[in-house]
Amino acid sequence: MPNQREPVTTVQLACVIINSTIGISVLSLPRWGAEIVGSGGVFATFLALIFYLIFLVILSLVARRFPEQNLIQFGNKIVGKYISFIFGLMITVLFVLLTSMVIREFGEVMATTLLRETPLEVSLFVMLAIVAIASRKNISEFGYIHFYYIPFIIMPGLFLISMAIPEGDFFRILPVLGNEPSLTGMLDSSMTIIALPFFQIGLYTLTVIFPKMQDPKKALKGSLYGWIGVFIMIMSITTVTYAALGAEQINEEVWPVLALARSISFPMPPFQRLDIFFIVFWIITAFTTILSGFLISIHTFADTFKMNNHRKLSYWFLPVFLFVALVPENNVQMYDWMPIIGKTSLVITAGYPTLLVIISMFKK
Amino acid sequence: MTLRFLACCILVSSLAFFLTGCWDQVEVEKRATIVGLSIDKATEEEMKLDDVTHPDFQFNENDQRFKLTAQLSVPGQVALGPAQGNTSAEDNVWIVEGYGITIGDAVQSMQQKIAHDIFFGHLQVIIVSKEIAQEGLKPINDFFHRRSEIRRTVWLAVAEGDAANTMSVAPKLEQIPAIYLSSTLDSAVEMGKFPETHIGDFWVACASLGQSAILPYLEVHGDNIRISGMAFFDQEVMVDIVPPYQVVLYNAIKGSYPPGASLMIPIENGAVIIKSRTREAKKDIVLVDGKPKITIKISVDTEVREKSNEKIDLGSAATIQEIKENAIKNATLHAEELIRLTQKNGTDIFSFGEHIRARLPRYWDEHVKTEDRWHEIYKDLETEVVYDITVDRIGIKAN
């Protein structure tokens, strides 16, 4: 067992960001843009990633200013105990909701494609059980877990992209701004994309990781590396999906990226169908994202209530996640709620650190 | 400590129950694996016998009547590797019919006749009769699009006459007729004779605003099946057929890969057959007096495959030059003919509309916007085909 004090390295930080961000929601990602701005969805995703970078830099700057302190602790310093407590509680609740949506999305993908007879409760419980066990580890082990899983996420992802490129007609991603471009439409869709749970999960894992960084000064560098990884993966998956299916067809798919994986046939008989293989790959991406979301929730909760250890909370939180994840009746309802929950929480998850930065600038 | 140990034991052993995936285990023998499906129009009498999803047969004027004929592979019958002894297609496949007012309804009527759960995961080909295609494929698309186990690389084809009959033609090369059919189409794509138009591509073309869909058109010739062109669609409703020799030109205009189609080029003393080796197409789109004009620049490298008689001197540069000139003249003529054929119906199978939407977004936003409007504009779209053909291989026979 690694030493509790063993710090997280820069490379591990980058891995954590990539793994936490690339999740099961990537399957539906192209649809959120295509619904509003058509072929401009690629650009909307690009904008969303730029916003993501901005928030990432803000969080990294906050962390650099207060090394070895977590969000709640430096919140205490800047805005006082009570406000920090309220925000801590709010962030916990929001991340329970957000992560539950990801868990449910995972469950929906499994139930409609792979495990048609298995009750949803069971596949969700098994995933949550594994996540809960994994979340009992300390942060440096958390870094190792992500470091281990990174090839299982990057390699199949790149393989999918390279197999799908010949399927694409690249005129389908033009015009870049979409037909009948409008600024509000573009901002609206990029906000919807950035409000998807996995971006916020990716962002907030930083608050958990930073206090345990080997060299807090390198935090910014690590998060930039992570962002580049996320950028390359998400942009190429989105672009290829748009090129192969076109915005109109993307609108007709619940999971456009899955549809893309199903349009590819590998010219080697036993491996002709790649979709099942990719669902297995997406189980891993779902696991890493859910693990991060789970950890953020229990960590923020533990910090808010000044507990010195988050590990006791793992099993207590499990039923809560399971319960919330089972609330939506079907994937239509889930996808109706997801942007609402996401946008609401984005106001707080992005607003609070920004507020802290601004106030701390005036305080000095 | 012991309590904790006990709790751990219970948790771990309960995982053993959850992780096996037993809910979804299906024995291969207990699956009714459909490899091919044909869709025809059913008669009213046939319909009355087969009600499963609804009470007494109530025929509505607007209802469609589908007759589904499925080819199921019989487990254990299909030998891996070469067939041994006297196995005929009848032994390897099992034919089941179903009737209904929708596809799902007809599948249920089929299920009523099969003990095991119908499984579409290995479906290779769906054939619809021309009659159904002319009524529109919209009611068919939904069923196949919604089910996740159906591949998007399934072939969807239109058959002249009876679809069930087309699918039952049993050639000698494969043990299962439906698989032969899908490999026929697959190889046609590989040889550059036919564009890739799987069901997924068909859906994409149907959904796109500036593109009309195409599907292979099949005909039965005695014991064989022939690809006799390309059926094209106006929003899922079949309009007309492109004859086989023009499919080559369609491929050229689209610049689809791989090349490999042959054309016969008449020259002074007879004719030669040339085959394309590489193919490239570039589309220049400009606005002329507020209207789009598309110039399609196609460059092809070809190889001479045959000359029709001894008078043709393939050893002389002048003849090669003549072949080249005539090939350019012919190909341009036929390509323009093909474009005119589709323009007559307002069906843009070349996805020119998508190119205009992509490259002249302002024009599209001001003048087009909808699919119907594009079809109107396409009828008078100005196009120009510029061919550049080189004859760079003659073969190993000297004159």
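Glycine is treated like the rest: Cβ placed from N, Cα and C.
Residues or ranges marked as transmembrane segment by TrEMBL: A:7-29, A:41-62, A:82-103, A:118-135, A:147-165, A:185-210, A:222-245, A:276-301, A:313-328, A:340-362.
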* Asked: Looking only at residues six or more beyond either end of the transmembrane segment (A:7-29), which have a C-beta under 8 A from one in the stretch?
  -> 45, 52, 56, 102, 105-106, 109, 139-140, 142-144, 146-147, 149-150, 153-154, 157, 193, 196-199, 201-202, 205-206, 209, 212-215, 218-219, 221-223, 225-227, 229-230, 233-234, 237-238, 254-258, 282, 285-286, 288-290, 292-293, 335
* **Remote residues contacting the transmembrane segment (A:185-210) - C-beta distance under 8 A, at least 6 residues beyond either end** => 8, 13, 16-17, 20-26, 29, 32-33, 35-37, 40-41, 43-45, 47-48, 51-52, 55-56, 59-60, 63, 67, 70-71, 91, 95, 98-99, 101-102, 139, 142-143, 177-178, 216, 219, 223, 230, 289, 292-293, 295-296, 299-300, 338-339, 341-343, 345-346, 349-350
* Same chain, outside the transmembrane segment (A:82-103) by at least 6, Cβ under 8 Å from its Cβ: which residues? -> 23-25, 71-72, 75-76, 124, 127-128, 197-198, 200-201, 204, 286, 289-290, 293-294, 296-297, 300-301, 303-304, 317, 320-322, 324-325, 327, 334, 337-338, 341-342, 344-345, 348-349, 352
* To do: With a Cβ cut-off under 8 Å, give me the same-chain residues at least six positions beyond the ends of the transmembrane segment (A:147-165) that come close to it.
  => 11-12, 15, 18-19, 22, 229, 233, 236-237, 240-241, 243-244, 260-261, 263-264, 266, 274, 277-278, 281, 284-285, 287-288
* Structure fact -> Sequence-distant contacts of the transmembrane segment (A:313-328), meaning Cβ under 8 Å and at least 6 residues beyond its ends, amount to 96-97, 99-101, 103-104, 107, 120-121, 124-125, 128-129, 132-133, 135-136, 294, 297-298, 301-302, 307, 334, 337
